Amino acid sequence: MIAFIEPFLASKSLANNSQQSYRYDLRQFCQQVGQRINPETLALYQQSLSGLTVAAKKRKLSTVNQFLYYLYQQKALTDYFKMDDRIEASFSLKPQLTRLDTSAFYAETAFLKGQLIALLILELGLTPSEIAGLRLADFDLGLQVLRLQSHRGIRVMTLSKALLPFLEKATEAQQLYLFDHDAKPFSRQWFFNQLRDFLESIGCAELSAQSLREQFILNEKAAGKSIIEVAQLLGLKSPITLEKYYKM
């Protein structure tokens, strides 16, 4: 089925960002169902989307349904299948923050800069402004640490094994900043644009730098970190702004 992805994309008039998103979703779908497309494998695929947001689910189901129709038209499938993409969102007066399935953030992508920005927020809780100021000299990949200096002092953060490969690739160039623009940092808007394009490509357009930072907080809390420890990791003067996450 994977062989049909590129002809399918060529048959549609898609912007580059949308094309990358379609390709990612369809490769993921084909890897999961293999060559056996039937009601059972499609049901299992739908179940695998249960940890995603409503918007991400609808996007993936819509993409796959279009692909299934294309396969039927091309006689690659003898039967026409269509998954139910009607998803009812659950609403409450007080939205509850939950930890997300972030496996898609680590998958292969054409949006490498946006991906690394997202991972630095998700894994280290950094803000776009802090990321803009990161220099290659701040990283010690051998010791797996980042030393971030600010007016409040130096924060030493551990780099996870999952994050290291992305940093190793990004720090190969001879430059001053991690994201370098003629030995100067890029603008704040540039970082938001890169992040937005990456999030859209993985079907998470509703997320933002702030919501990824909240995921960092929730993950650290789940790992057993105290509110004081998380405040220190984020470089906060006080843990007051974190109280709502620890009352959940």
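Just so you know, glycine gets a Cβ as well, placed from its N, Cα and C.
Taken straight from Swiss-Prot:
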type	residues	note
DOMAIN	1-72	domain 'Core-binding (CB)'
DOMAIN	92-248	domain 'Tyr recombinase'
ACT_SITE	Arg213	active site
ACT_SITE	Tyr245	active site, O-(3'-phospho-DNA)-tyrosine intermediate
Open item on the list: Just to verify a number: CA distance, the residue listed as 'active site' to Tyr245 (active site, O-(3'-phospho-DNA)-tyrosine intermediate), in angstrom, no decimals.
Closed with: 12
TODO: Any same-chain residues 6+ apart from Tyr245 (active site, O-(3'-phospho-DNA)-tyrosine intermediate) with CB under 8 Å of its CB? Would you list them in sequence order, or say none?
DONE: Leu97, Glu214, Ile217, Leu218, Lys221
- [ ] Kindly assign the residue listed as 'active site' to one of the three DSSP-derived states: helix, strand or coil.
- [x] helix
TODO: Count the other Cβ atoms sitting within 10 Å of the Cβ of Arg213 (active site), across every protein chain shown.
DONE: 18
Task: Average model confidence [pLDDT] within the domain 'Tyr recombinase' (92-248) - done: 90
- [ ] With DSSP as the yardstick, break the domain 'Core-binding (CB)' (1-72) down into helix, strand and coil residue counts.
- [x] 56 helix, 0 strand, 16 coil
